[in-house]
Amino acid sequence: MELVQMQKNLQDYTKSLFLEGILDSQFLQLQQLQDESNPDFVSQVVSLFFQDSDRILNDLSLSLDQQVVDFKKVDPHVHQLKGSSSSIGAQRVKNACVVFRSFCEQQNVEGCHRCLQQVKQEYYLVKNRLETLFKLEQQIVASGGMIPAMELGF
Amino acid sequence: MSITCQLSNLTSKKANQSTGGVRKPLFFLILCGLTTSVVIVLLIFSPLSKKEETSSCNGEARVLFRHKNVSTSEIHALVSFFSDSDQVTSFECRKESTSGLRSNYCITCSLNMEKQSCHERQCFIPDGGVPWNLNPSGLEHSISPEACVSDNLEQSILQPKEHENHGEEPENHGEELDWDLSTYLRNTWWWLILGVLVCHKIFAFHSKAPTERKEKGSLQEPLAQKQQRGQAPSKGAGRWRKNILLLGVMAGVSVSIWWFWDTNEKIISIRRETLANMCDERARVLQDQFNVSLNHVHALSILVSTFHHGKTPSAIDQKTFGEYTERTNFERPLTSGVAYALKVTHSDREKFEKEHGWTIKKMETEDQTLVQDCVPENFDPAPIQDEYAPVIFAQETVSHIISLDMMSGEEDRENILRARASGKGVLTSPFKLLKSNHLGVVLTFAVYDTSLPPNATEEQRVEATIGYLGASYDMPSLVEKLLQQLASKQTIAVDVYDTTNASGLIKMYGSEIGDISEQHISSLDFGDPSRSHEMHCRFKHKLPIPWTAITPSALVLIITFLVGYIFNEALIRIATVEEDCQKMMELKARAEAADVAKSQFLATVSHEIRTPMNGVLGMLKMLMDTDLDAKQMDYAQTAHGSGKDLISLINEVLDQAKIESGRLELENVPFDMRFVLDDVSSLLSGKANEKDIELAVYVSSQVPDVVVGDPSRFRQIITNLVGNSIKFTQDKGHIFISVHLADEVREPHNIEDAVLKKRLALGCSESGETVSGFPAVNAWGSWRNFKTFYSTENHNSDKIKLLVTVEDTGVGIPLDAQGRIFTPFMQADSSTSRTYGGTGIGLSISKRLVELMQGEMGFVSEPGIGSTFSFTVVFGKAETNLPVTKFERFDLAIQEFKGLRALVIDSRNIRAEVTSYHLQRLGISADIVSSLSMACTCVSKLRNLAMILIDKDAWNKKDFAVLDELLNSSKESTTRPPKILLLATSATPVERSEMKSSGLIDEVVIKPLRMSVLICCLQETLVNGKKRQPNRKRRNLGHLLRDKRILVVDDNLVNRRVAEGALKKYGATVACVESGKAALAMLKPPHNFDACFMDLQMPEMDGFEATRRVRDLEREINKKIASGEASADMFSKVSSWHVPILAMTADVIQATNEECMKCGMDGYVSKPFEEETLYTAVAKFFEFG
């Protein structure tokens, strides 16, 4: 009974992530890539994303804090972040990155700072949520249940 | 512009001419009226003149009859007189002589008349033979002499008989006259009509000739040349036609003048003859009367000689004489009185005077003026002379001259002397008579001794004279009296002259009135050879206006002018029409050229617009794929939408232009019409669902699966019609597309198809059963008008004729706009485009496309109810063993569903049939019930029911609960309960999930039903594995990628990992590198990678550069192998190296794509990977691997 409730909770939680626009269908794709042969695919990829993003955000903060901002260095970082975020389906991070890049093109330092804050905010939000999601999943797995597949078509 | 101007000019001219055309019949009417009135006038005139003539005839007859009567009454008087005195013998002798004299005269008279009548006949006979020259008045006049002839000749015949003759003959003549007139008029009329016809023929031929010539001329011929050719003959023809018309008019005028002259001449000559006849007649009568008197006076003289002198004592005294002369006065119609004077010599005067007791008195010539107091006593006694001739006896009227000596009067003396010498009656010249003071003459006979021999000499006669008998004639009153008795005295004035003295005519009687220009002179013989008299006659009135001559000639003149006018008008009209025709031909050629040019221009321009528009659209699409904020996105979407609309409009215009210029060619490929219809319905279902309109598709089972034709054009027609229907249908009702064989519909009685049967069985009732329940217009009305529909000639085995009907419940087309619905750019109402949008070109294109497909398009529409468009198309039959073009994935599904049974619950039968049609396509057989409660009763009988489809309209929770229970109760007997599917027109996801979560139904199917949707839903519900289909697909992808070695190049760790994971999922062996340089190292031949996915944006060396270098390497090695520098063995026995490199990119921009191709990449996949794109991209390379 608890398992069913947990499964339902997970479903609802996942749904809320989609409804809030934090995640998009790419995440579902990712989930579909996970199967018996590769049981921790999603969590692996997501943790990779976290590591990578942490590093990139660090670099970005450093770059932007400098007196003379080298936008040629900043842009590839943002591009990286955009690519990886879109790969896991972190939609809002990706969108923030898009805006960030446009400021980079304009070489707008102030805008970049604002965007960095925005990206960071989104990143931490998605990180937090995904970690919660994985926690829930782990709980289900620990209690011997199946992770219900997400429904398509939202 | 100029063309339209000229056109309007022409039309206005035409209008003018048409009013002229109205005028023309009016002229004809007037003409007809004139002719008829003239005919009537002629008919009235002829009997009138006839009457006149007969009356004159009668009058003359009466005169003659009176003559005869006179002579008989004279005899009667004599008889009565002499019967008293018993002296019958001498009377008999007289009677013989008088009657002999009379008949003698009569014969001569009648001979004269006959001669005249012969003359008349000579004119009359040719007249009868040639009706053209017929002269009614001449003919009429000829009647009178003839009548007179018969009158004269048959004088002795009884009067009644004569009357009979009179009665008959004029009648005959009248008839003859009528007949001649009518034939003459009829002939003229026929000739006129014939003439008109001939002229018309000539005109028609001439107006046709130039156009024919023109038609022969090819279109390419320069216009000017054409004009010359056309105009030259028409002008020439116009001129000679004008000339002929002029000649005709002149001929008509001259005929009219000649006719008038001829008739007038005849009238005048007849008048002259009439005058002569009448004059002669009068003269004869006068002479006759005079002679009668003369004879009688002669007889009286003999009487006196016999009874006064032959007897002693005398048997006559004054009293006897007076009585006798008074009683026989009627015998001497012209005398005013008679007197007898005795010859007395001077020696006997005394004795005589004593004997009679009075003296012989002298006639005082100077006192003759005082006639009123002429008393014998007042006269002086006669002077002494040798001889005296005192009057002893006198008629009462002249008793005052008794005792007057006649020898004393100059005239009388001379007269007496001459009478005595000649022994005959002698006349004086006219002088004023005593007492009456009228002009008169005195007739004197000498009375001889009875012993005078007949051949006595003058001396003997003078010797034998014993007395003189005188009779005075009072000329004016007598002639007047005589003429009074004759008819038509009013028309003729008569003068009588004494012409003895040639130098000085003495007028005895007459007046000055009358037409002096024309007079006839007849000589009179009063029995005195020494005196001659003449009678002058003339008409009292001048020649009346000769209407009989004027009327027909004027008529001819009028007709001539009218006909001339008509022909002139016609000529002018022909000329203008020819001119207009020229202009029209010219304008037509120009308009045609302009039309072709317009079409070409449209085709070119729209093609030219399309190319840049595609660029614009592509760029907009790419722009939308880039990261835009909401506002920008909105703008871009609007721009993109507008661009798409523009492109579709341009495509439509291009289609129209192509069709118009005849450049559109139809494809001929086999296709499945049902899938085309599925496509259309799925394409338009969004719009239909938005408006809450039910869209249904039905294809008759008799329509073959695969037909040969142009699917895209067919689809275009259907899309157009359905799109229109959606556009004009407002939030209610349905749109129903049905396809049947034309053969099915042709015979309404043997229709097997259930849907068609239902629709046709409804007749024309609008409230009948339709898909949605809303009334629709019966489609039968639009089929009925198809011409080719019933033709059986197209019964070729390789052709099939389909009838497609699109029925909607929209606003309908206003009746007045229905005629122009297929005209390009013409919507039913200009306000329509404001309300509903659109260009109005779609229907026109559809119609033309249908016509290209050898079909017809028609519609019926009722405002407020809806419209039904129908069209027929002819498709080729596909070869039976043609590989089916269905999608393979459906094949599998159909295999799965084959043989299943379904129950359709729908309150609307047609809709249920449509549902069952869709199920049958999947191989599912369906039963139909109309409600849930009915389903309850029959569901137990149906075994192996796989599914129940319930329409939303028939859905009812309460009834369904019963049914559900029933189904669940029978759960034990069947392996699994039937799935419940709800058919709904529209349902939001929330509704759907609610429905499903309620647990009552398994799936909601959104209409319109179509194969793909139905298969998906059924698969999901029946097979209960929604991942099944994707899995299958993945299996395919896995099959493609299995054991393939793939290199993923990406600097992004996460991306790399995702890509790796995705590819591994499909069974590929994946190697990852994080930079272009590393990739270059890995891909340096020989290597064993089957493909490479390369990120484009990488630090140090990006994807383009890396690819270029890989290609360079490969080329180098290939060259080496080809030249033999390096053996293929060295490079894993691969003769030509070319590893497929696919770009991984987030933004799929055309420019990027092109760049990819330029640097040697083989394709691209969007990042993050999507199954479909990955599959299609990879499939190219591994299909045959």
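Even glycines carry a Cβ here, placed using N, Cα and C.
Taken from TrEMBL, the feature transmembrane segment applies to B:26-45 (among others).
Among the features that TrEMBL reports, transmembrane segment is placed at B:188-206 (among others).
Look at TrEMBL and you will find B:214-236 tagged as region 'Disordered'.
The feature transmembrane segment is assigned by TrEMBL to B:244-261 (among others).
When averaged over the domain 'CHASE' (B:312-536), pLDDT in the model lands at 75. Among the features that TrEMBL reports, domain 'CHASE' is placed at B:312-536.
Marked as transmembrane segment by TrEMBL: B:545-567 (among others).
If you look up TrEMBL, you'll see B:604-877 marked as domain 'Histidine kinase'.
Per TrEMBL, the feature domain 'Response regulatory' maps to B:901-1022 (among others).
Residues within less than 8 Å, Cβ to Cβ, of B:ASP951 (4-aspartylphosphate) and separated from it by at least 6 positions along the same chain comprise B:VAL904, B:ILE905, B:ASP906, B:SER907, B:ARG908, B:ARG911, B:ALA912, B:THR915, B:LEU982, B:LEU983. If you look up TrEMBL, you'll see B:ASP951 (among others) marked as 4-aspartylphosphate.
Taken from TrEMBL, the feature domain 'Response regulatory' covers B:1045-1182 (among others).
Marked as 4-aspartylphosphate by TrEMBL: B:ASP1095 (among others). Residue density at B:ASP1095 (4-aspartylphosphate): 26 other Cβ atoms are found within 10 A of its Cβ, drawing on all protein chains shown.
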Task: Grab the same-chain neighbours of the transmembrane segment (B:244-261) for me: Cβ-Cβ under 8 Å, and only residues 6 or more beyond its ends, written as numbers and ranges.
output: 549-550, 552-554, 556-557, 559-561, 563-564, 567-568, 571
Task: According to DSSP, folded down to helix, strand and coil, what is B:ASP1095 (4-aspartylphosphate)?
output: strand
